[in-house]
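Copied over from Swiss-Prot, here are the features:
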COILED    723-745  coiled coil
COMPBIAS  549-560  compositional bias 'Basic and acidic residues'
REGION    490-517  region 'Disordered'
REGION    537-562  region 'Disordered'
REGION    577-601  region 'Disordered'
REPEAT    104-125  repeat 'LRR 1'
REPEAT    141-155  repeat 'LRR 2'
REPEAT    164-184  repeat 'LRR 3'
REPEAT    188-209  repeat 'LRR 4'
REPEAT    229-250  repeat 'LRR 5'
REPEAT    254-275  repeat 'LRR 6'
Amino acid sequence: MAFSGIYKLDDGKPYLNNCFPARNLLRVPEEGQGHWLVVQKGNLKKKPKGLVGAQAERRESLKATSFEFKGKKESRRENQVDLPGHILDQAFLLKHHCVRKPSDLCTINAKENDFKHFHSVIYINASENLLPLEAFHTFPALKELDLAFNGIKTIYVKYGDFKLLEFLDLSFNSLTVEAICDLGILPHLRVLLLTGNGLTSLPPNLAVAEQEASVTSLTSKRYILRFPALETLMLDDNRLSNPSCFASLAGLRRLKKLSLDENRIIRIPYLQQVQLYDESVDWNGGRGSPHKEPQFMLQSKPRMLEDSDEQLDYTVLPMKKDVDRTEVVFSSYPGFSTSETTKICSLPPIFEILPVKSLKARNQTLAPPFPELRYLSLAYNKIAKEDAVLPVALFPSLCEFVFHNNPLVAHTRGVPPLLKSFLQERLGIHLIRRKIVKPKHHVLMSRKESWKVKSEIPKVPKQPLVLHHPRMTTTKSPSKDMLEPEAELAEDLPTTKSTSVESEMPTENLEGHSPSCRTFVPLPPICSNSTVHSEETLSHLSDTTVRLSPERPSDEDSKSTESIFLTQVSELPSSVIHKDDLELKEKDQKKPPTAPREVKGTRRKLPTAFLPSKYHGYEELLTAKPDPAFIEPKGIQKNAQALQQMLKHPLLCHSSKPKLDTLQKPYVHKEKRAQRIPIPPPKKTRAQLLDDIFIRLRDPRNITEAPLGAVLHQWTERRLVNHKQYLEAKRLLKEFQARYRQLVSGSLRTVFGTTPLPMACPALSESQPKFGHFLEFMDEFCQEPTASDSQG
């Protein structure tokens with residue numbers, strides 16, 4: 001594999017997101033795009049002598065690079081290395097190695113010492129390869145390195161490698177526990193991604209390592225801090241289940257974000273710093289170390305110890321707002337009091353798991369676990385109890401705690417009460433029990449002027465639906481009094497409002513005309529929107545009317561009279577209406593013509609003789625007036641049922657605060673037992689299905705075949721199921737016995753001509769042995785038909 005320096009595309013812009021290795025899977029394969037270019041920083045005349053000497057040294061080192069070919073070896077050319085404009089493509093490799101076919105080139109060897117001249121490479125993406133971490137240690141300015149999906153198992157890193165590396169992605173590899181410990185010597189590593197490495201445990205000395213015996217003296221022990229600048233650690237999608245992993249991570253002093261999603265963690269343990277009572281113990285914790293180092297130890301100190309001045313010393317002090325909590329104060333921060341130097345932690349950050357009763361409260365000489373941790377995520381784990389999460393209260397800087405998709409919150413609603421009252425309300429820790437769904441990006445569509453619709457659609461006016469009435473015809477009536485009973489009958493009969501109003505209009509319109517010439521206006525049909533039609537009919541008829549006579553009532557008088565309508569006129573039988581009309585006409589003809597009509601006041605009450613039979617007993621409803629203040633309730637039955645339900649089942653709102661003085665019932669998870677799926681029968685072939693169909697067609701359905709002995713002997717066991725078969729078999733057996741006796745008696749009668757002895761005689765076989773042999777013979781062949789059987 002070949003390597004190069006700063007990479008630029010044809011447009012002159014750097015593409016640092018995916019510059020190693022060069023890929024064109026997600027880009028359009030254009031001419032000249034996706035290749036590696038070696039760009040000179042400037043002319044050789046403007047470069048300093050040191051840089052020119054470095055390039056000359058590189059040129060000499062490249063001369064010694066060997067290239068193996070298939071069957072032959074050739075030396076490479078010197079004048080084609082530093083020439084600008086050379087592209088690492090197929091033509092360059094074929095011309096540079098003097099081969100005709102690409103299959104002739106087997107190996108390209110590029111030394112790692114060549115990378116030290118590329119001072120501007122800060123990011124390398126080498127994921128989905130088979131490259132080790134050690135292949136990139138010679139890049140002097142490398143800050144970000146992505147080595148995901150490389151199958152890395154072990155790591156070999158020395159002091160002085162990757163001095164400026166800050167971001168390292170080793171996701172989805174196969175790292176061992178020892179390989180993770182070897183990464184602790186990187187001095188400036190801030191972000192470490194270890195997702196999907198199949199880790200089952202973490203080393204106990206992950207944060208602190210004991211110095212080798214060859215370096216330390218026999219009278220003192222020294223410890224070296226690991227991961228001095230680590231702030232973000234991703235350990236999700238592993239197999240961590242032991243609570244000791246928290247003890248391994250608690251000593252990381254700069255850790256601010258820790259992700260342990262998709263593991264098998266059950267609880268968080270209570271942690272406390274280990275106290276070492278040996279006076280000779282010393283650790284390289286910074287300026288607060290009480291013991292001085294020997295001179296030979298300073299000389300042999302590795303690169304890691306040279307950067308100890310950058311490590312901050314902290315002091316554990318009680319908080320002013322809450323005495324139960326502690327805060328960490330760093331000596332390098334401004335405003336730090338020098339009078340508190342006696343409380344600086346002089347013990348190595350090694351933590352152990354202790355029960356709650358064994359913790360030493362308010363011990364200011366001990367450092368708290370995770371002193372700077374602000375974000376902790378334990379989603380998709382197996383935490384089922386609230387007590388298993390309470391130890392996060394000992395983390396002094398924790399601000400956000402994520403625990404969604406755990407059994408603790410999977411089967412309940414809301415934040416658990418103990419965590420809400422103690423962690424959220426008292427300590428101010430933000431609890432996240434639900435997965436935060438990221439909002440989707442809004443898609444912005446480009447607006448073109450040609451797409452804009454400029455035409456306006458006129459609004460359709462809202463007009464009521466008008467029904468066309470039949471045309472009016474003029475007819476001659478014999479007298480004026482013949483139409484008055486019709487109007488009175490239309491007012492008295494129970495009809496709709498529109499019908500009652502329209503029935504009065506013909507009588508008003510006919511005033512002023514002679515009795516011999518009047519216009520007849522038929523009533524319009526009854527419809528749902530009767531009010532609209534009545535108003536239109538009134539306006540239509542007002543054009544053809546004349547003045548009202550003083551004898552007729554005015555419009556105000558007609559409106560003042562109100563009526564109650566029980567049903568429509570169309571529901572009455574035509575024979576009843578016709579009969580009532582004739583009776584009313586005869587009654588009006590007998591009245592004197594000078595008698596005035598009384599319209600005002602209460603409406604006339606019809607006699608019971610003129611009402612249909614189904615209205616008998618309801619005459620008072622025709623003259624009663626509704627109460628104007630009465631409001632008819634809607635859905636009174638449902639309201640009554642709802643009121644009864646509320647009275648029987650009152651809603652009691654309990655307090656959301658937990659009752660700490662009472663015993664709480666622990667949550668017991670009920671496992672769902674899935675029913676066993678029955679094993680499906682073997683699939684039959686087409687020939688077997690056809691055979692089954694032919695058998696069903698051939699066998700009669702009214703005959704059931706069963707062995708006689710099985711039915712008779714198994715009746716006691718399957719009495720309820722085969723009781724009918726048992727009775728049928730018993731009847732057939734009796735019939736067979738009777739038939740057998742008839743056969744024997746008939747055969748004996750034809751042979752001897754005399755009446756045989758009864759079958760129950762015990763001395764029959766002894767006195768007449770020939771009859772006994774004959775009976776045995778008949779027992780064997782009783783099923784064969786005989787002539788006597790057919791005659792009988």
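Cβ coordinates are placed from backbone N, Cα and C, and glycine is handled just like the others.
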Give, as a single whole number between 0 and 100, the mean pLDDT over the repeat 'LRR 2' (141-155).
93
Counted with DSSP (H/G/I as helix, E/B as strand, rest coil), the repeat 'LRR 6' (254-275) has 0 helix, 6 strand, 16 coil
Summarise the repeat 'LRR 2' (141-155) by DSSP state, stating how many residues are helix, strand and coil.
0 helix, 3 strand, 12 coil
Report the DSSP secondary-structure composition of the repeat 'LRR 3' (164-184) as helix, strand and coil residue counts.
8 helix, 3 strand, 10 coil
Checking distant contacts: for the repeat 'LRR 6' (254-275), what same-chain residues at least six beyond its ends satisfy Cβ-Cβ under 8 A?
227-241, 243-247, 345, 347-356, 358-360, 366-367, 369-370, 372-385, 387-392, 394, 397
Residue numbers, six or more beyond the limits of the repeat 'LRR 3' (164-184), whose CB comes under 8 Å of its CB atoms:
127, 133, 140-157, 190-199, 201-203, 205-207, 209, 226-227, 234
